[in-house]
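The site 'Important for acyl-CoA specificity' annotation in Swiss-Prot covers GLU111 and is backed by sequence analysis. Sequence annotations record features per position, and here Swiss-Prot assigns active site, acyl-thioester intermediate to CYS142. Under the heading substrate binding site, Swiss-Prot lists LYS163, SER192, ARG249. Positions annotated as site 'Important for substrate specificity' by Swiss-Prot: SER192. Here Swiss-Prot flags HIS235 as active site, proton acceptor. Taken from Swiss-Prot, the feature active site covers GLU237.
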Amino acid sequence: MPIIIDKDLPARKVLQEENIFTMTKERAEKQDIRALKIAILNLMPKKQETEAQLLRLLGNTPLQLDMHLLHMESHISRNVAQDHLTSFYKTFRDIEKERFDGLIITGAPIETLPFEDVDYWEELKKIMDYSKTNVTSTLHICWGAQAGLYYHYGIPKYPLAEKMFGVFEHEVLEQHVKLLQGFDELFFAPHSRHTEVHAADIEKVEDLKLLAISEEAGVYLVIGQNGKHIFVLGHSEYSCDTLKREYERDIQRGLNIAVPKNYFKYNNPDEKPLVRWRSHGNLLFSNWLNYYVYQETPYIL
């Protein structure tokens, strides 16, 4: 089934070239189908890139999704044209009286800042508070997951001695949780971050369950309140070349950055990346939508 997006959204062309079924809002309005209403709070600087990454995964399920893009009103985005935000995005004030089946809160490259020093922290707190009663399930990604764990459960983040950067092996800890249906016992996922959360802090909270962890990269997947909150501490949505472009960007800036681990063939940045997380990423998003959104949400929001 398709994802319903604006016919002029640039990501639509990218998805169509990959044979991912999209539908315009005009066509969807003629159908007698209750599509799942999903919002993406896009905190990433390169918004169009993140749109394509997430919509690619969301569009690979049997469910019809009505997509809504959100940005922070209290933050000036410098890496995206204002007319793109005006044309395709809403703010929290625009939607605060609505309800959603699902919400995705993305990462943001600001993890070294204390949460309270982030210029849109107060607005983000309002959105996370809103999600408690107006969203069936919220999926938090990377910094968004750290922010959610901190706001909802008081879990702190800790600085790393060096950037966690690469593709790492993870172990499934809970075999019979719906979010992990179909997962191999060991799977790979990308990470790109300067901070981490500790498993010991999560294990102290009764409402949280640690689902997957990496010996090298640490906590990866946490579930709260039986699926009301999902926290993904990595980037299963990343495209095949995302880490490559991050690495090349940092090299050009003169930063002391290591080659992303377990990513390039022969660990040689002149070789092409090895994609080992695509099937897991698709399964993670599909399971979230099926078990924690579609099967839990009321027909009438």
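Just so you know, glycine gets a Cβ as well, placed from its N, Cα and C.
Feature map: Swiss-Prot annotations on the structure.
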residue: GLU111; record: site 'Important for acyl-CoA specificity'; contacts (Cβ under 8 Å, 6+ apart): CYS142, TRP143, GLN146, LYS157, ARG193, HIS194, THR195
residue: LYS163; record: substrate binding site; contacts (Cβ under 8 Å, 6+ apart): SER192, ARG193, HIS194, ILE257, ALA258
residue: HIS235; record: active site, proton acceptor; contacts (Cβ under 8 Å, 6+ apart): GLY107, ILE141, CYS142, ALA189, PRO190, HIS191, SER192, THR242
residue: GLU237; record: active site; contacts (Cβ under 8 Å, 6+ apart): THR50, GLN53, LEU54, ARG56, LEU57, ILE141, GLY281, PHE285
residue: ARG249; record: substrate binding site; contacts (Cβ under 8 Å, 6+ apart): none
Span of LYS163, SER192, ARG249 around substrate - largest C-alpha separation, Å: 15
Listed recorded positions (CYS142, SER192), ranked by Cβ neighbours within 10 Å, top entry: CYS142
Remaining residues near the recorded substrate site, that is with C-beta within 8 Å of the centroid of the site residues LYS163, SER192, ARG249: PHE165, LEU243, GLU246, TYR247, ASP250, ILE257, PRO260
DSSP-derived class (H/G/I helix, E/B strand, else coil) of ARG249 (substrate binding site): helix
Three-state secondary structure, SER192 (substrate binding site) (per DSSP): strand
